[in-house]
């Protein structure tokens, strides 16, 4: 997985109690968004429903980690606010159900389930139900506006989760309890919320295995860990209500085996560790599961943070631990809203002077409605059709658009505040602006070919997982940078069926972001700690630029068409360069005693990939949807198909074709009629047949090279499967 929105926490800085060994802890870079959304939901609850449930202290928030930020660290930034808002809503619902009597709890579930199914009619609902219904309807409206397809899936799974009978207290034994608990821990809800948060599409044929089998250990481990962490809270409620049974694994083992609390906890945590170890094994194998879609594999990988994130949030959350408290800034934000810059400075100073300490009572007091946050107005905690408006400048359905602040208090601030003028210790600039174009193109659907190639080559090279991920991230950063630059240089308007980056952010910002991506790629390579890897990166990157220069030169000087040999040299540098860089870097970091020479294999693959792309551009209906009808003709690209047509067509047709390609300069593109004329000349010269024959020849050569390598280093099923996907 390419991590774009989160950073990893140094494992030496926290104690995971052996409950997530082999799984890192990551935190979303925009964790403040979750805090804002959580406080907004709690304000909306007070306004529309009434006082918060007595057990609702903390919710998403924690003194060290916020729940969504660590369980969904790769949530898209433009969806983090609504996802966090939903998560807090679910926490409050759980609190209501936990403290309600059986009949009332079932009624609450029915209210929510009906609201999700039909959309609550708030004019007929009363009291508490009406308020919850209003918030729920706003949530449904918001997620549907952002992503209607995944929103429908979210609602379906959320309803499925609520269908679980929440009043069940009696189980045959611990195993019977676990079958119930895996669903009761909101696995259906969290599965769907995760796919929505990361904009993943899981094919129907993958769902049973991915949702039910592969990730089952995740929900088992999370449920058991939660049972231990929440024991004190649940036991207090149990004793307060004079109950005779409770839904908790610790209690189940105590009853079944007549053991004490501490022994039951010890056994529960032991079982949790077993489930974690099982899932770590799944993670080690998932990259080779090319029978699953890329999104399915990404989903499975992302679910590891449901284990580590849930654990580390749960260790310190005030929700479970009454001796824990939120930090002072969270206290202030809950009590006073989100002040502007000057108010933050004053408030922080006041808090430091008073030594304010967080108490449970602070959270149950009324909180002022949040009116402004960094210059953005809010309503029901959410503003903007597709996500965040004004928070760190993020706004938009498919990317990030920076909004200028309109707070009049800033006018003349520099001239009024001499201390600020002379202050050389200002906070650094946010990278949100420069990363926005790259984040946008990274969010578009991708086949993940380069990741698949890396996973396949690792069968032979056995690159350690950490270093393999760093190499893959560097390659993906370079690939996305090249796509942004290519689209600017070619004047493309579509990329993967969406507007190209420069048509959203403008050429200047796009070029700047692409350069930043290249620097980030270099930083990833530097982390490998190898001078050889830096040399490989530099050498292959230079080839990429040289190859692109020839392609651009031929387009600009369209009378100077290249030879077939020149074309192949360009492809080897431009397209083959990334594949070659990938193979060389992986070879340099291989832990195998001997490594294959992959030069010919990846070189042939690079040629095949480029020629296939050119061929599909002229013949594939899918490419027409993703990039436009025969877009290469608009760009004036000299593909092998066009070069053959110019040399094989009768002179009058060849001259006509050349004039069409030159004439595209007038409007920057060809009309549909002109493209059809060009296609008729290309087809008349049998250039498409020629291209198909070249592809077939290359494919056979790749297979021969693969078989030769397999004879020395073993069978490589993932590479064969990848080839079958690319075969024309």
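From the backbone N, Cα and C atoms, a Cβ is placed for every residue, glycine too.
Database features (Swiss-Prot):
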BINDING   94, 98  Mg(2+) 2 binding site
BINDING   94, 98, 181, 182, 183, 184, 226, 230, 231, 232, 233, 234, 319, 320  substrate binding site
BINDING   94, 98  Mg(2+) 1 binding site
BINDING   447, 450, 479, 496  isopentenyl diphosphate binding site
BINDING   486, 490  Mg(2+) 4 binding site
BINDING   486, 490  Mg(2+) 3 binding site
BINDING   495, 574, 575, 610, 617, 627, 637  dimethylallyl diphosphate binding site
REGION    1-327  region 'Terpene cyclase'
REPEAT    387-392  repeat '2'
MOTIF     94-98  motif 'DDXXD 1'
In three-state DSSP terms, the structure that residue 495 (dimethylallyl diphosphate binding site) belongs to: strand
Alpha-carbon spacing, residue 490 (Mg(2+) 4 binding site) to residue 637 (dimethylallyl diphosphate binding site), which is rounded to whole Å: 9
Cα separation, residue 231 (substrate binding site) to residue 495 (dimethylallyl diphosphate binding site) (Å, whole number): 51
Residue 319 (substrate binding site): secondary structure state under DSSP, collapsed to three categories: coil
Inter-residue Cα distance where the pair is residue 479 (isopentenyl diphosphate binding site) and residue 637 (dimethylallyl diphosphate binding site), in Å: 19
Cα-to-Cα gap, residue 233 (substrate binding site) vs residue 94 (Mg(2+) 2 binding site), nearest whole Å: 13
Per-residue Cβ crowding (10 Å cut-off), top of binding-site residues 319, 637: 319
Cβ atoms near residue 479 (isopentenyl diphosphate binding site) (within 10 Å, other residues, all chains): 21
Euclidean distance between Cα atoms of residue 479 (isopentenyl diphosphate binding site) and residue 574 (dimethylallyl diphosphate binding site), Å: 11
Among 181, 450 [binding-site residues], residue with fewest other Cβ within 10 Å: 450
Local confidence of the prediction over the motif 'DDXXD 1' (94-98), expressed as mean pLDDT: 68
Other CB atoms, at most 10 A from the CB of residue 226 (substrate binding site): 19
Residues that sit under 8 angstroms from residue 575 (dimethylallyl diphosphate binding site) by C-beta distance, when 6+ apart in the chain: 547, 606, 607, 609, 610
Fewest other Cβ within 10 angstroms of its own Cβ, chosen from the binding-site residues 233, 610: 233
